[in-house]
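Colleague: First, the structure itself, so that you have it in front of you.
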Amino acid sequence: MLLSPAVMLAVIGLILGLIAGFVMHRADFCIAGMFRDLFLFKSAATLRALVLYLAVAMVLFEGARLLGLLPLYPFPLLSPASLAGTLGGVLFGIGMVLAGGCVVGTLYRLGAGNRPSLVAFIGLIIGSTLYAEFHPFWKSILTATTLFSGSITIPQYLSLSPTPLVAVAVALLGALVVSWFRHGQLSRRLYAKGAMQLWQAALVLAGVSLASYLLIGMPLGITTAYAKIGAMGEQLVFPNHVAGLGFFASQPLSYRNPLTGTMLTGGPGPDLDGIALIQFPLIAGIILGGTVSALSLGEFTLGHPAPWRQYLSAAVGGILMGLASRMAPACNIWHFLGGLPILAFSSIFFLAGILPGAWLGACILTRWVVR
Amino acid sequence: MTSAAVDTIEYDIRGQICPSTLLIALREINSHAPALRNGAVALLFLTTNRASTHTIPESAHNMGFYAEVTQHDGYYAIKVSGND
């Protein structure tokens, strides 16, 4: 083997991140905006791309599972549903609207030189790190409000094969997509240089998610790494405090990578472990993807300051998202691009939380931020 | 906000978080609607937000106005007027 398993996984993560960041920047595939605009402008135009993504990802994931290509099903780190997780979804919804982008939208915009996204990125790290201070309390709430006997997915709970349930979901979502396609509602007239349609980006991202699931062993996920970055920084200043926090000592990741056969373990603590190996290259790739796309279009710029209210909003939004992505637990990318396609309970509960959260965020945005 | 020309009001909203660009554009189009309709004024929005290069023209068209998008060095200029 020319590359060590660790280098191979890092390179795969970087490439997948680069593709995702590039495509998201070209299409402005902003999941925060999809939910926000539902309430702010009463428009579901952009949300249609997410529905298309779900339908395609469901087919791809289930097809791969039936072909025996997904030995880890459900994938590692996916939690059972919890009522408290829905509250995490609400906070996440508020945060992503205030930050002007979700955990991934923040990255590709940061890569393109957007200053408020840098502030949101720092807020995400701070929020993820702050969560460690009340992790034992929140974990007990999550456990106490866990539903469906701890089952991860609907098919698991019903003791059914995923295929018929996925088929029903794909039929329902597919009918919507076909209707939108017939009415010409999937495409818009685009003016930006090098712009991609959202539906095109949705198809590419479904391919990226499948590749991640096949090669890394799970779909795209990045938010544990935000806590890890924070822990690394905090350790420099308060090493004893970091060492005493249970959250940073936890090792939720423990699985055998299907591509290399390597056993990977890790958690949010400051060590360079399996989480760092999987998620750091992905984060770097998404930022770089945004940078490459913006530079190639002549759009990369750091020179335009925003009003102070928007920096404050980005900071508060980033901190809220960071906290919420650990409280839910996990972020919108994990749940929407990975969990919903396999009918995970926690992802459905997260979705139930993010809708009122996005509405609240839109209310706060129009009342206090955009003047 | 500066007046770039007698009949063109320029809004430099580059670098702002999404969706402030569209919200500001909608507010200004609404407040200048009569002057836009009779051709007395045009609005020029400078933005670095790629999504607003189609959301602002879409909204302007839905309100009965015209919009023209041009790319400049690192940003876009969207001109909204009452006629083409």
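All positions are counted from 1 along the displayed chain.
Note that Cβ sites are derived from N, Cα and C of the backbone, with glycine treated the same way.
Found this in TrEMBL, in case it helps:
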| type | residues | note |
| --- | --- | --- |
| TRANSMEM | A:6-27 | transmembrane segment |
| TRANSMEM | A:39-61 | transmembrane segment |
| TRANSMEM | A:81-106 | transmembrane segment |
| TRANSMEM | A:118-138 | transmembrane segment |
| TRANSMEM | A:158-181 | transmembrane segment |
| TRANSMEM | A:202-222 | transmembrane segment |
| TRANSMEM | A:275-298 | transmembrane segment |
| TRANSMEM | A:310-328 | transmembrane segment |
| TRANSMEM | A:348-370 | transmembrane segment |
Colleague: Which listed stretch (A:39-61, A:81-106, A:158-181, A:275-298, A:310-328) has the most C-beta pairs under 8 A with the transmembrane segment (A:6-27)?
Modeller: A:275-298
Colleague: How about the transmembrane segment (A:202-222) with the transmembrane segment (A:118-138) - do they touch, taking at least 3 C-beta pairs under 8 Å (6 or more apart in sequence) as contact?
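Modeller: Checked: the transmembrane segment (A:202-222) vs the transmembrane segment (A:118-138), no contact.
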Colleague: Go through the chain and flag residues at least 6 beyond the ends of the transmembrane segment (A:310-328) whose CB is under 8 A from any CB in it; none is fine as an answer.
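Modeller: Those are 84-85, 87-92, 94-100, 102-103, 106, 115-117, 119-131, 135, 138, 223, 226-227, 230, 247, 268, 335, 346, 350, 353, 361, 365, 368-370, in sequence order.
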Colleague: Determine which recorded stretch among A:39-61, A:81-106, A:275-298 has the most C-beta pairs below 8 angstroms with the transmembrane segment (A:348-370).
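Modeller: The stretch I would name here is A:81-106.
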Colleague: List, by number or range, the same-chain residues at least 6 past the transmembrane segment (A:81-106) whose CB is under 8 A from its CB atoms?
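Modeller: Counting only partners 6 or more residues beyond its ends, the transmembrane segment (A:81-106) has Cβ contacts under 8 Å with 20, 24, 29-33, 35-36, 116-117, 120-121, 123-124, 127, 138, 141-148, 151, 220, 222-223, 226, 286, 310, 313-314, 316-329, 331-333, 344-346, 348-362, 364-365, 369.
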